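**Student:** Here you go, one structure.
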Amino acid sequence: MNVSLLASPQFYSKTLYVIGFLSLPFHILGGYCILFQTPESMKSVKSNLLNMYFWTTLLDVYLNLLTQPFFCPPPIDGFAMGLLSRVGINLPLHIYSGITIVALVAVSVVSIFENRFYLLWARGTWWKYVRYLILIGDYIIAVFFFVPSILGIPEQETARKELFEMYPHIQAFDSPENRIFIVDLRKDNVYMIRTACTITYIVGQGAVFVILLQYNIIRAIKRMTISKSTANLQRAFLRALYLQVAIPFFIMVVLQIIIVFFGIFIEIQQETMNVSWIVTSTHGALATATMLYVQKPYREFLKSKFSCSQRVEQFVSATTGVKSVR
């Protein structure tokens, strides 16, 4: 196979294995901290943190170790190189599960901000009843939005023949061990638009809850319904939460948005696709590391056990403002 290093399936697979196995200690430590080091003052957000952490970790393990999806643009095709591919797991199930887990990560992030908005400002309002319908709808969309693409998978032998006639360069990646599997041959814009609409809907919800949280804190201070110290504590916690979510969000979601929108108008090169997925694969470890540093109870636990640098403490406190939270 005469392809560049960045386009090589072997380089791609080995890179994901390295990232995946190096990330496992972070995931174990992060799970331990949420389960056993979350204080009573954070009890109301513990289940939502654990929910987001579960889906983020599952996605990280799924992409890096279990599946390792290798996509060959411009059509929606490729093969799996991970551990599950060695035991004969159905490839459409690989694809559906991976896309669905990505969507569930996004929904779990929205759930955290919705939970904070509800507990702080909307307990006695109509939102108390509507929120369950919205959240259930979000999970239904996450689970089913990719089903039409799976049901529309073409007959493979005919599609493969047509694929190699249309895009001869893709045949360089096809082998008896890794046979190209085609989800959509003609870069279906309906799929791209459906995916873009789903991303916009979920991300838009998260943005609305963030705006509502900030607006209500400012309004409460002006009306003097909460003290300034209480408002500062809430802001500090929210800043830490924003940082915890923002880093993996920009790595995972923004990168995929760029790929989806660019995919509608231009052809994406194999090297670009591989690098984008390698960068995406780091989101789990970075999300866990960010959580351990920006959430004060976890950071103090790590300091007591591993003697973290005081300069890290000062940097995080200055960045998140959580130094005042006791």
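Placed from the backbone N, Cα and C atoms, the Cβ positions cover glycine too.
Among the features that TrEMBL reports, transmembrane segment is placed at 15-36, 48-71, 91-113, 133-153, 191-215, 236-265, 277-294.
How buried are these features, and what lies next to them?
**Tutor:** When Cβ-Cβ distances below 8 Å are used as the criterion, the transmembrane segment (15-36) is approached by residues 46, 49-50, 53, 57, 60-61, 63-65, 68, 81-82, 277-278, 281-282, 284-285, 288-289, 291-292, 295, 297-298, 301-302 of the same chain, each at least six residues removed from its ends.
Same-chain residues lying 6 or more positions outside the transmembrane segment (48-71) and placing a CB less than 8 Å from one of its CB atoms are 9, 12-13, 16-17, 19-21, 23-24, 27, 30-31, 34-35, 38, 42, 77-85, 94-95, 97-98, 101-102, 104-105, 108-109, 111-112, 115, 173, 178, 248, 273-274, 277, 280-281, 283-285, 287-288, 291.
Using a Cβ-Cβ cut-off under 8 Å and counting only residues 6 or more beyond its ends in the same chain, the transmembrane segment (277-294) has close neighbours at 12, 15-16, 19-20, 22-23, 26-27, 29-30, 33, 49, 53, 56-57, 59-61, 63-64, 69, 71, 240-241, 243-244, 247-248, 251-252, 255-256, 302, 312, 316, 319-320, 322.
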